[in-house]
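Worksheet: one structure, shown below.
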There are 4 protein chains.
Amino acid sequence: MFNTLGNLLSLTTFGESHGVAYGGIINNFPAGLTVDLEKVQYELNRRKPGQSAIVTQRKESDTVKFLSGIFDGKTTGTPIGFIIENENQKSKDYDHIAGAYRPSHADFTYDQKFGFRDHRGGGKSSARETMNWVVAGALAKQLLPEIEINAYVSSVGDIFCEKPYQALDFSQTESNDVRCPDAETAEKMIARIKEIKKEGNTIGGTITCVIKNVPVGIGEPIFSKLQAELAKAMLNINACKGFEYGSGFCGAKMTGKEHNDQFNTDFSTKSNLSGGIQGGISNGMDIYFRVAFKPVATILRPQDSIDKEGNPVIVEGKGRHDPCVVPRAVPVVESLAAFVLADLFLINKTRNINNF
Amino acid sequence: MFNTLGNLLSLTTFGESHGVAYGGIINNFPAGLTVDLEKVQYELNRRKPGQSAIVTQRKESDTVKFLSGIFDGKTTGTPIGFIIENENQKSKDYDHIAGAYRPSHADFTYDQKFGFRDHRGGGKSSARETMNWVVAGALAKQLLPEIEINAYVSSVGDIFCEKPYQALDFSQTESNDVRCPDAETAEKMIARIKEIKKEGNTIGGTITCVIKNVPVGIGEPIFSKLQAELAKAMLNINACKGFEYGSGFCGAKMTGKEHNDQFNTDFSTKSNLSGGIQGGISNGMDIYFRVAFKPVATILRPQDSIDKEGNPVIVEGKGRHDPCVVPRAVPVVESLAAFVLADLFLINKTRNINNF
Amino acid sequence: MFNTLGNLLSLTTFGESHGVAYGGIINNFPAGLTVDLEKVQYELNRRKPGQSAIVTQRKESDTVKFLSGIFDGKTTGTPIGFIIENENQKSKDYDHIAGAYRPSHADFTYDQKFGFRDHRGGGKSSARETMNWVVAGALAKQLLPEIEINAYVSSVGDIFCEKPYQALDFSQTESNDVRCPDAETAEKMIARIKEIKKEGNTIGGTITCVIKNVPVGIGEPIFSKLQAELAKAMLNINACKGFEYGSGFCGAKMTGKEHNDQFNTDFSTKSNLSGGIQGGISNGMDIYFRVAFKPVATILRPQDSIDKEGNPVIVEGKGRHDPCVVPRAVPVVESLAAFVLADLFLINKTRNINNF
Amino acid sequence: MFNTLGNLLSLTTFGESHGVAYGGIINNFPAGLTVDLEKVQYELNRRKPGQSAIVTQRKESDTVKFLSGIFDGKTTGTPIGFIIENENQKSKDYDHIAGAYRPSHADFTYDQKFGFRDHRGGGKSSARETMNWVVAGALAKQLLPEIEINAYVSSVGDIFCEKPYQALDFSQTESNDVRCPDAETAEKMIARIKEIKKEGNTIGGTITCVIKNVPVGIGEPIFSKLQAELAKAMLNINACKGFEYGSGFCGAKMTGKEHNDQFNTDFSTKSNLSGGIQGGISNGMDIYFRVAFKPVATILRPQDSIDKEGNPVIVEGKGRHDPCVVPRAVPVVESLAAFVLADLFLINKTRNINNF
């Protein structure tokens, strides 16, 4: 089903940046799970605007309210409905672009596809939509308690975290505003973002995500390979431009002799250029992937553009925008990864009669 | 629906490397299109083994036979069934790995997920499955005659085609065995593959795909963004490790001021770092993306590995294998791109009542 | 996708009888339709409790609030989220059945399937869920303004409306509490329901639905025949036991000579035992079908039953229940019919390139 | 996904009456089941033309050939492809209706929807398609070995099998040509069909299906209720006009006091007017339903009709047609029931974490 996330476990969402509310329905979540709703709010708070000096200063509490599907603290197996009310809309900030097209925004394509658009705050194309994904992902994480999912900012502009993920302490990711677990690199990244922000400019970055303790057998053989479902989920995130897993684009430069992961006698592998997936199915090794994000299109400087009729206009970002999207995108990446895994985990319950 | 490609237009497939046949059903293909079935076979021939000195020498005619859904040369709107019989199976070549796990292959994960596997030629995990995708993509291309889809090999190992795609003449892609339209680079790539082959080794590479004349409005806003559906399709290809579109991973190093694509007054843009897509929806500019492929795992040299019980064994690739997958993957990338576009094109017919 | 209504246009819902709220998301509704939200509330009011002396006296305003997908009075093409808050819950009325199973209710099957259940007011199994369907159907109706959908009560117990639908004036359906357009029959039905109610008993009935002005070509040839999608939708209504269309079960007694509908030269047919559908596809004639509803299981009298451990208990309906479900089910039947038609209408936009 | 049967376990099919072949793909069938392919052919033979004096005399062996998804006698978990070649086509028999519309056939609606049609033998609208369903259903039956599914002819025209199903011996169903387990009634039915056939006429009938030993918990709560999925499947069968389960249309005449099924202390119920389903979910009691079939539209007598331009023509059935569809539809009803159950059975594996 298009415009829905997931195959068996599914998430359908609604909401526009300056509408009444965001929300969604998590369908086919299994019954019987005792859920910790504070953990869901915790994940939302990681994504929330105004949480630090290097993100947008829009003030929103982003409080999720569950409306169904949970009774006596446990999931009932019926649809989980939830809602997040919008609070701090300043729709006037967008009056000037009602008839204009901002460069590298979805204004033009929405108008063309749908005949018109809700221009306030980007309407449906706003990244506020990712709140819904965080709610669903936070519940999906609880369905897979053994699996550890840790994403972190691995680059901002040309500042890279050079250490391999194995050398990092993920417990430090939340210890700084940019969400890079290497303190020294984090400092440089933060300085870079502040500099960029002062210029009214924006900057891109990458996020690396590491998933440990995935059971063997998750993923489907043909058109729903684990990496394919992960890639699809990630490329749906606003500003995402690329996805690679395991050896990724570097692997394309290697030879088979270098690239093959030799087995240990316990079925683990000595190296893990495969990234924990073979033939679309998890092999029990760490799954790791990297996601690229372009710089936010809204810059706080005048830009030449055009209006609906093609006449030249000047647009200038007002409102409250992120100078760099990656710190707040970390929980979004984790949430989508959790949701994809939960979906394929449930599907896997049906794939072998010897496991019934 | 998992294990099916597409949302509205869909492809469901079957077949194993050493089974009776491959084939598939293209469901919900619209009625009334006069189809050229020779063009379908032409695309299959581009993917066929044995076509040149730098690909596997397995001999297969890979002849497609259509069984339904076409009458008097036109599509009827009912399911298009097709079959491609296997011809040149040498199942004995695989006897030695019936109980063993080849490094970086799907042997182990299939056994774990499904309890056993068809080990002959990799069974379902074989890339022969991509024949089915080429058939479907070749028909999808005919549904969108204005759209031009051109993929080519943009790197083999560390040999890159340095020219931007705008400087290339796509009519030259088929003029050499490696499918790189730049003759000089092609020569180097071919030499590199021959060298690698002589060593019994394999090598990775990348494919770039350029899509021109896509109408504005193709792609869905939330979980079926055009780039997300493309990424998912590509990551399903055997050996694929990454996907990037537009500025891709390079974009993550840039600033918003550099990255934004300014509009011309005809709604085209002066630059195209966006890669022809805004907010998940095509904007009429060229769509271009790059796909990374790891080196083929089967190398013709002895490798340490283990058997089903975890005992050490030596495996050695026999049979006929590709030293580098990218030349034959070019039509696969094009086909999947065509299918994704056709699916989203049909969906777009339903999204705006002013177009009814 | 299971637990979702529709194939392309889809409705996903949430809500339990004594939860916070009901609601849903209408996904893939096309952009550009000016919608009359008062008409949606009007349909909800037709389904509302407390509307007359022959229905449950539960007091609920059943007010729908739209949260997204509509801007400046028009659909935007993005998901339409809506919510209906629960108001008049008397959960205490259900304390006595928390551990008991009411005869012919879903108490036992929910407990077995999901391990436990929200017992208050039947939880998810309550027919309050059908509010969501009415909202979606009321919007679907507006998408198909030419199509006229009229359902009415055609029997209550053994009191049947003997006139064929062609002899009825559908403008009279709303003129009486039971929603039978034949005044004389309506009076008898109302008297029968009052009698039954006085006894603390309940009674079954049937609804006939007539759909006029359906364009030719709606419906799919294989597994999504128009009648199949209608049947599925109707059998999802609480208490529904059967569906027949056109000649229905009577047709099974006839011969081909009697049953065949001869053509007129304008492609209409002289008779219409086919019920407006041939080969799963609408032929332009009236579509009509009949739906059977069993008597409501909750009766206001003591009944022998068992508790969770299998011990004998006496259960007695408390709370406020319908003596007969059909008067309030009329807008539900119409709404589902409208939604099914809208879904297949949109799909049909993609099925023939000559209509692009 | 429309035009596909099933939600998780799915069947996609192809084939036209006078095309090359029929066939299909059973997707997501679990791995590890030892399958008896002779039983599949046995079910096909029950549906085959020419099997007795009261069915069409078309000669077809209807031999199924499996192409994938089964290895060493066991399902591999990957798609099961199969094919049934057409053999005995007499396309000339249909030349006379290439431009004409047969009364109560799909000729007109296919032409209107798709712009043209394969007129030979009805093309896609032929009931030969149901062969594919029998193959899939025969495998689904093997996935649920404890469940017993028995369908039988319960009426032909106005000759009804008056005994309740509990009084019948299903081992006798195959002992006569009409597939009614009551010998005396069977004789009358056969005589009636022969009489009708002699007149060149056709006649309708009903099939009752009884399903025993269904585990508790099969079926989904909202839009995929067990009865809804069964109804949808049945209404997709050619000539089907109605579906009722449990008390069905009779239940609509009853009161709650009469209709409620009281529990025994072992959670079975004393009566079973519910038909084995509560709230869309199986309760462990027998599931039973009845399906109505209209008389076959092709009669071997001249009928007034029209051509594509609306000019009056005379059409007369040639070829080899069934005087009554129900004897051959018995295995089709059983197969669809098995497939629906298998699909919902697999889904149920994912619905409660306490069963993981």
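Every residue gets a Cβ built from N, Cα and C, even glycine.
Annotated NADP(+) binding site per TrEMBL: A:Arg47, in sequence order. Sequence-distant neighbours of A:Arg47 (NADP(+) binding site) (same chain, six or more apart, CB under 8 Å from its CB) are A:Asp62, A:Thr130, A:Met131, A:Val134, A:Arg328, A:Pro331, A:Val332, listed in sequence order.
TrEMBL lists A:Asn238, A:Ala239, A:Gly279, A:Lys294, A:Pro295, A:Val296, A:Ala297, A:Thr298, A:Arg320 with the feature FMN binding site. DSSP gives A:Asn238 (FMN binding site) a coil state; it is part of no helix or strand.
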Go through A:Gly279, A:Pro295, the listed binding-site residues, and name the one with the sparsest Cβ surroundings, counting other Cβ atoms within 10 Å.
A:Gly279
Just name the binding-site residues among A:Arg47, A:Gly279, A:Pro295, A:Ala297, A:Arg320 whose Cβ comes within less than 8 Å of a chain B Cβ; none is a fine answer.
A:Gly279, A:Pro295, A:Ala297
Roughly how wide, in whole Å, is the group A:Asn238, A:Ala239, A:Gly279, A:Lys294, A:Pro295, A:Val296, A:Ala297, A:Thr298, A:Arg320 that binds FMN, by largest Cα to Cα distance?
44
